[in-house]
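If you check TrEMBL, you get these features:
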- 27-91: domain '4Fe-4S Wbl-type' (DOMAIN)
- 28, 58, 61, 67: [4Fe-4S] cluster binding site (BINDING)
């Protein structure tokens, strides 16, 4: 998911964020959470590879847009949500908060 896709979700996704019913349709719902949340100390190639695998799951998910919007709205500190890593969300929030 690109930052543009999250932006496009905009206000359309926000009303649905609070009920979280969309999570029941997530492709990752029954998957291994370690793919989406890094272990302590993970860095470099291992982290990039895991994040890429998580993004591949998210790319085929019917609720990736809602998931990404949720992670930004609630400022999720950890994990890959809707194809967005912690760093992706941090950079996005920095750009929208910039004067």
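Our numbering is plain: 1 for the first residue shown, then up by one each step along the chain.
Just so it is clear, glycine is given a Cβ too, placed from its N, Cα and C backbone atoms.
Neighbour counts of Cβ atoms within 10 Å were compared for the binding-site residues 28, 58, 61, 67, and the top value is held by 67.
The predicted model assigns the domain '4Fe-4S Wbl-type' (27-91) a mean pLDDT of 95.
The helix, strand and coil residue counts that DSSP assigns across the domain '4Fe-4S Wbl-type' (27-91) are 35 helix, 2 strand, 28 coil. Cβ proximity to the [4Fe-4S] cluster site centre (mean Cβ of 28, 58, 61, 67, cutoff 8 Å) flags the following additional same-chain residues: 26, 27, 57, 63, 64, 81, 82, 83.
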